[in-house]
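**Q** Below is one structure. I have some questions about it.
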């Protein structure tokens, strides 16, 4: 009885409280509850805003934590989770209404309340993040799913929730969205960041976001790949939000109008540009498994506006709308099982093939109607705004007080699933929440406020986008470049070029040819630094000992970064690009490649320079560049620079002191030095002091040195087991640098790097041999030296990422040996370990030649992607095999040239030659060898394999690898990249390029036979090796009968046979396929003309 009385008392108290609130509804702190009453047409501005204020108070701010300021993911049931992304949109909703209230002079304190609700949330997130500063430090050095910031926190305490095993916390989109809204809100006048500790922490968040282009994450939907199996992917939406955040925060002062130089954020422009390139390469796809995704809407439209390519924007948006739009909202992505009736809520991950169950019954999310409304307002498209407002109205619900509720999703109940699958769109869907039970989807509620305020013109796009993330096409000519991703419509940039000679005697020599240069001494007090010194300076950026943050990671500075002028500790500093840096990788010592790199760098700068002021490009000329045959190409390049145009880029060559006035100056004020701080030591580029009375000579004193010095007179296999004293004696006696390098490599493995030789330690001796060989262009010795000292190019990781975002896989490892398949971007250290582990066991030089190939292919695939058409997996070891095979063909009866003796520029040209698709003058054996080594496939090949698999219940076998029909067809779709990669993986066990090409031809034959004979189907596993063997046997029978050639196991003559024609390979393959098909049952067909009774 007492319990019943207590319950009655509680109910009575709630009734009384509700009546009391109704009586004092005029208070500015308690919104009216009569929102469902009709609104008059002649509403005042106050009335309009009061309408939305009541909604915000009751559907958003009511749930904000009074301690942390965060917003819960679930509004009832005592759930303590707060997700960063949801809280950010809630803060944005309150901030948007605060911006509207700024138009009213006497707002009764509402502007202050709403602004500080947003500030409280933003600072609450910052508080949660800063408590995980150790994770930021780890993630900077090693970005992995187990070192990232958490994305879910306790709503009241800010404690981290859920372990890395329980939840996919790696959601870079959430961190990027925080940075973006931080900039937008501070730009509108809010004070969110209070001290330099917080500034240094935000700077470290920027360091984490800069490398998003190579960090696969779990994405907006927290599930990673479409299969929801715990694997991460590179997502366009994450990369796009990161790109937008970096553009917005670059050069931004976190203290707002009251800021100083210490509160400015720095962004690596080259890292940002890699994010831009990655995004443009990935789109219109969301990821490898997601053909499209609704998560792209906030990426390409509000709030990120990450695209500056209108064509790509339209293509991406059209794909999202066409494939995902429904009556109740947008599907997140196809075969999304989230909250469907068939999803098992007790399991975190799906089983293989489970996503097939969700085909056609995916939940629809009304929130994306709101995104489309906002997009329509920004783009000045009232028709789009009205279209989606009309779609939104019938799916909205209302609370008991009449407040609008945006359901999180609409689902198909279990009883109607089969009807919906049989007749898509026929069944009524039901909302996940309607507000009457206290359940609200706060992300949707916040976006509703923003969309309605914009649609009702209570705020303008410029109000909620003060940093101009979106700029209309007509205004792009005069846009401020600092905060926008759009540049001028016409990019007619002139690049400033300063020519710097290594020495005074080189300057005098070039002057005789009319080339005016300056030496490092002549540009003083301006200092010239290599980019490593600038990296050393940036190491001081963001350091905070209290938080345990070390500052900017040791990452190279790219061409955009070295095109600015820097003020460092009172000095004016300019930097030469990394392509002139001899310490990076030996390829810069090849003059022809250096000239190509200079042209490419200038074209790159012209295309992607987005700042006021002109870029400054330093061309560093070394004495070594003009020796012998290298002089004329360098002179031609310098003459082109002097004329003012090179490689299609306009340039202006002048003295450095003159060019500085029009350049961009970056003040590195974070290098402030107090009495207690130690001054960093920086080394500028020093002028070469030649011996007295010496002159620069055009011709090398030993023109035949490359021919004489290349071929070593020692063999590793012979010398590796000889005693150390014999090796040392031979080392002292031989003058061949390649032989010296080989002998030193044996000593390095046996005795270690600190073993003493005649010229010091082994490691120092190898380094000297490497330098000498580079100066003499003895490429065999250079590659030996680079391999033994494990040289690694800083550009390998970005180039591998380029492969991946162009939809390719890459394998590292020697031909005929174990290979490492790279499907996701990796850090430079991991790639270096893979290269030297996989390649050194076969041939020491393989590790460095593979790096050359990666660099060359990265450049080619960016500029001429059509050369890689039909090549899904780039197998570096196999491409090297194809190049060596090509050299054998060219050599004919003579010994083939050694690939390792060619210069890097000759290697690049050889690569371009074999990539050319037209090989009409070649015999079929050679063509199949090259195409097989390149893993080249005909157009539509993977789609045809899918069609074969549909008619092959037991799957396909080749080289012992089985491609099953199930769960392949259930898990994947025909046009999904993962299916194509699975086919490539199946073919990966084939060890002969020409045989692989025959198998590709066989699959095309099987596809055509099945297409023309719909009544036929394979009954058992299709063993492709068996079919090739049968075809070869038939070929041998014909050869024996017609040409009286004895049967043999060697298939060379078969490989050299044209595919088409009376006795082409396809005729034999077709016969083998038909024999296998006719062994099975034939499906009866009443329309068959052969059926006569």
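From the backbone N, Cα and C atoms, a Cβ is placed for every residue, glycine too.
Keep in mind that this is a model prediction, so the values were computed, not measured.
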**Q** To which residue among 27, 225, 629, 1040 does Swiss-Prot attach the annotation phosphoserine?
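**A** Cross-referencing 27, 225, 629, 1040 with Swiss-Prot, phosphoserine lands on 27.
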**Q** Please identify the range among 600-627, 656-683, 740-767, 768-795 that Swiss-Prot labels region 'Calmodulin-binding'.
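**A** The range carrying the region 'Calmodulin-binding' annotation in Swiss-Prot is 768-795.
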**Q** Please give the sequence-distant neighbours of the region 'Calmodulin-binding' (920-951): residues at least 6 beyond its ends with Cβ less than 8 Å from one of its Cβ atoms.
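**A** Residues 869-875, 878-879, 881-882, 885-886, 889, 914, 963, 965, 968-969, 974-975, 979-980, 983-984, 987, 992-998, 1000, 1003-1004, 1006-1007, 1010-1011, 1016-1018, 1022, 1052, 1055-1059.
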**Q** Tell me, roughly as an integer, the mean pLDDT over the region 'Calmodulin-binding' (7-29).
**A** 37
**Q** Summarise the region 'Calmodulin-binding' (768-795) by DSSP state, stating how many residues are helix, strand and coil.
**A** 19 helix, 0 strand, 9 coil
